[in-house]
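**Student:** Feature table excerpt (TrEMBL):
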BINDING   LEU128, GLY132, HIS133, LEU134, GLU252  (6S)-5,6,7,8-tetrahydrofolate binding site
DOMAIN    15-391  domain 'Serine hydroxymethyltransferase-like'
MOD_RES   LYS237  N6-(pyridoxal phosphate)lysine
SITE      HIS236  site 'Plays an important role in substrate specificity'
Amino acid sequence: MADDQTFYGSDFGALQAFDPDIAGVLLSELDRLRGGLQLIASENLSSPAVLTALGSTLSNKYAEGYPGRRYYGGCSEVDKAETIAIERAKALFDAEHANVQAHSGASANQAVYGAFMQPGDTLLAMSLPMGGHLTHGSKVSFSGKWFDAVGYGVDKDTENIDYDEVEALAKEHRPKVICAGGSAIPRLIDFERFRAIADEVGAILWVDAAHFIGLVAGKAIPSPVPYADVVTFTTHKVLRGPRSGALVCKAEHAAALDKAIFPMMQGGPQMHTIAAKAVNFKEAASPEYAQYAKDVIANSQQLAASLLELGVRPTTGGTDTHLSLLDLQGIGVTGKDAEARADAAGIVLNKNAIPFDPQKPNIASGIRVGTPSVTTQGMGTEEMKQIASLIHRAITEGDADPDHAVSKAVRAEVTDLVTRFPAYPR
Ligand code: DSN
């Protein structure tokens, strides 16, 4: 139990007095979080301990360089925080080397390009419409503008990664780097097969584990670390840390990746965020967190199964992870409409392209739902059955107008649920 002030750093009262506009936003965002069901697969509710480190005076410090090798004086204390974060990351993921300075997952991914590729080199990665990520070679991202990105997809029948296609494309294009991972992949990835393909063509194997690294930390799914040359990740998804990024890698790549993070891609590291990452890695090493990671998957599987019973089809037939990708074509609703109708009913999720989607990305035929936040709130499989029914009602009978009778009725049930399982309980 904690006072609200805890969630905003050291002196919320002073902020309220000085800047009621921004203090009001902090309070109304907390109300928004508490008032609805947060089903965005890439979000979570980080702990008061993490938020306290984020709201600390470590934000003031310039510390370009690495512990013991800085370009500024006065780094003795932040050196301690970064060293603790590095050692905890290495222990948590059983990794030979960790770099905790990336400002985000996208920054960590940039470092992979910086360390291993020259402009014009070839990358092989999952294409964005099939479940990949912008930074994996999309034409609108630096990664697709500066590198020759070849995209692989999923099998039309199974909707799982087509490993034979990955192998054939690797042999044809001889990429410098092969990337495994993405932002809408509900199933486990066969890292051993990716390693074999990378070895066959002499490529670096990069796993972007942003989405599922928390499940790896909790030992709820297999780890990519033994197979990959480098694993990049965000720290704020299932892992439940601060909004940031990090990477772990084989010792042989440590110097190249460290140089790629700083000075190639970033300047001063955010020491308050690094301290918060250290807190998060300690939390994620606990038995309670391991149970949480397993519960996230059990909830996700129940949610997908219950939606399937209601006629909403999860791609691949289900999920092994924290997220499901739901194909709405069978119920004749677009992803865009479903997102708006769910929102009006107090259910926050996102429209998402499904593999081979006939719709444009800003309309989409699917939605993506994830269970990290609701599991943090203590909900279990019984609540997932109820949530499936609420989603179904909101998107098939409801409206984008919050005053619509069904939207209101669903919202009342959502309110009851989040009152019983509150976010940031007082
Ligand atoms: N935007 C994140 C997601 O929602 O999956 C990935 O960067």
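Including glycine, each Cβ sits where the backbone N, Cα and C put it.
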**Student:** Among LEU128, LEU134, the binding-site residues in question, whose Cβ has the most other Cβ atoms within 10 Å in this structure?
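**Tutor:** Selected residue: LEU128.
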**Student:** Please list residues from the chain of HIS236 (site 'Plays an important role in substrate specificity') whose Cβ is under 8 angstroms from its Cβ, counting only those at least six apart in sequence.
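**Tutor:** Listed in sequence order: SER42, GLU43, ASN44, SER46, PRO242, ARG243, SER244.
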**Student:** Across all the protein chains here, work out how many other Cβ atoms are within 10 Å of the Cβ of GLU252 ((6S)-5,6,7,8-tetrahydrofolate binding site).
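**Tutor:** Around GLU252 ((6S)-5,6,7,8-tetrahydrofolate binding site), other Cβ atoms within 10 Å: 10.
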**Student:** Under DSSP, is GLU252 ((6S)-5,6,7,8-tetrahydrofolate binding site) part of a helix or a strand, or is it coil?
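**Tutor:** Its secondary structure by DSSP: helix.
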**Student:** For the residue listed as 'N6-(pyridoxal phosphate)lysine', which DSSP three-state class applies?
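**Tutor:** In three-state terms, the residue listed as 'N6-(pyridoxal phosphate)lysine' counts as coil.
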**Student:** Work out how many Å separate LYS237 (N6-(pyridoxal phosphate)lysine) and HIS133 ((6S)-5,6,7,8-tetrahydrofolate binding site) at their Cα atoms, rounded off.
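**Tutor:** Cα to Cα, LYS237 (N6-(pyridoxal phosphate)lysine) and HIS133 ((6S)-5,6,7,8-tetrahydrofolate binding site) are separated by 15 Å.
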**Student:** Across the listed (6S)-5,6,7,8-tetrahydrofolate-binding residues, LEU128, GLY132, HIS133, LEU134, GLU252, what is the farthest Cα to Cα distance, given in whole Å?
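**Tutor:** Answer in Å: the longest Cα-Cα distance is 30.
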**Student:** Taking DSSP three-state, what's LEU128 ((6S)-5,6,7,8-tetrahydrofolate binding site) in: helix, strand or coil?
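**Tutor:** The three-state answer is helix.
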